[in-house]
Amino acid sequence: MLFLQIVFIILTAKVAGAFLKRLGQPEVVGEMIAGFVLGPLVLGFFFPDFHHALFKGDAVTQLKVLSDLGILLFMFVVGAEFRMPEQHAPYAHGKVLLIAGCSIALPFILGVAIAPLLYSTFAPAGVPHLGFNLFIATLFSVTAFPVLARILKERRMLDSEVGALSLMAAAVSDVCAWVLLAITAMSLQLDRQWQELALRLCGLAALCGASFWCVRPLLRRWIAHLEGRRTLTLLAVLVCGALVYGSITEWLQVHAVFGAFLFGACLPRDQRLLNMLVERVEHIAVIVLMPGFFALAGLNTTAATFSAVGVSLLGLVLLVAIAGKLLGGALGARFAGYSTPVAIDIGVLMNARGLMELVVLKIGLDLGIIGKELFTLFVIMTVVTTVMTGPLLNLLQRLRHARQRLGVQ
């Protein structure tokens, strides 16, 4: 049954991805929506017997293992791709940090403000207020670095000033979000044992330091010594490294994907190495394993979210999510000296959440910080904020062209 599951999930994801691509959306958005469709709210509602037969308990457990491997490998490649483009080095300092800081701070503050309301309605029993509030605030702070890169690439904006600024600010905000998530995850396990929390934070800091000052130079020398030979051996070592790092961060009470991302980020900045990882690791993770992750996200949704209170809170979450990121990014760009039109474009781009938000949500669900009701609510927010990015940019461009034709500056 597992193999039939995989076939059905991949076909559904690819059909949905191709359809959404024709509508001007990144293919990954269609795959995200396909996972939602495969859940109990759509497939389970219209074809309950087929849904039950396809997603039985044991098969879903096996699918979870594959999806966890897929997301770990994907985050490993995302970490390897994380860099400040050299051609835009002047923007890699104050302006990017200002935009990233504002696009994190405002959503974070708004998230902390509404977290108590969400806690009283959706929080699982026994979850500490501090951990829940931190997690909700982190959810609002995420920008989808990988999805944003695809949006910019498909719109031919990667080399533009707006595109470069947005992408680098998204990268910085994602790193900050991962740090916040790591602190949240560790604090949940400790029940006010702050000394142990401090030790684990020191362990995480030591791992980060060793990665960039010891592991990276060793890998750089070894890769240079190979001179393009024994690529399969190199690939095997790197994949094992990602798995080992995932195990270490899991032992530190942080999710394994943080370790995979960290190991990818500490790799030498070698374009040939990155191309090999994209061709041999990312393609397998994205085509075969990631659709399973989206399907599992869909399977964890529930209709219980759509009570009268749930629908009202969904509206509030959408409002806070969109306003926080759009205004935060735009204000940061204005403070950095950019014009209002450029600032608004940057704010719109920073509002795309996509895959990274789903990863953070899945971690929260695994850790027991949130239940399926709140998970469903934020999945909907993730899809809406990602889907609206392209059309909103198109609308802004049309409005500006119309104003230019009318001679209005």
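Each residue, glycine too, has its Cβ placed from N, Cα and C.
What you see is a predicted model, and the numbers here were worked out from it, not measured in a lab.
Copied over from TrEMBL, here are the features:
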- 10-393: domain 'Cation/H+ exchanger transmembrane' (DOMAIN)
- 65-84: transmembrane segment (TRANSMEM)
- 96-119: transmembrane segment (TRANSMEM)
- 131-152: transmembrane segment (TRANSMEM)
- 164-185: transmembrane segment (TRANSMEM)
- 197-219: transmembrane segment (TRANSMEM)
- 231-248: transmembrane segment (TRANSMEM)
- 281-299: transmembrane segment (TRANSMEM)
- 305-323: transmembrane segment (TRANSMEM)
- 374-396: transmembrane segment (TRANSMEM)
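Sequence-distant residue pairs (6 or more apart) of the transmembrane segment (231-248) and the transmembrane segment (65-84) include at least 3 whose Cβ atoms are under 8 Å, placing the two stretches in contact. Listed by sequence, the residues of this chain that lie at least six past the ends of the transmembrane segment (96-119) yet keep a Cβ under 8 A from its Cβ atoms are 84, 127, 129, 132-133, 136-141, 143, 165-166, 168-170, 172-173, 176-177, 313, 316-317, 320-321, 323-325, 327-329, 331-333, 335-336, 346-347, 350, 374. For the transmembrane segment (65-84), the neighbouring stretch richest in Cβ pairs under 8 Å, chosen from 131-152, 164-185, 281-299, 305-323, is 281-299.
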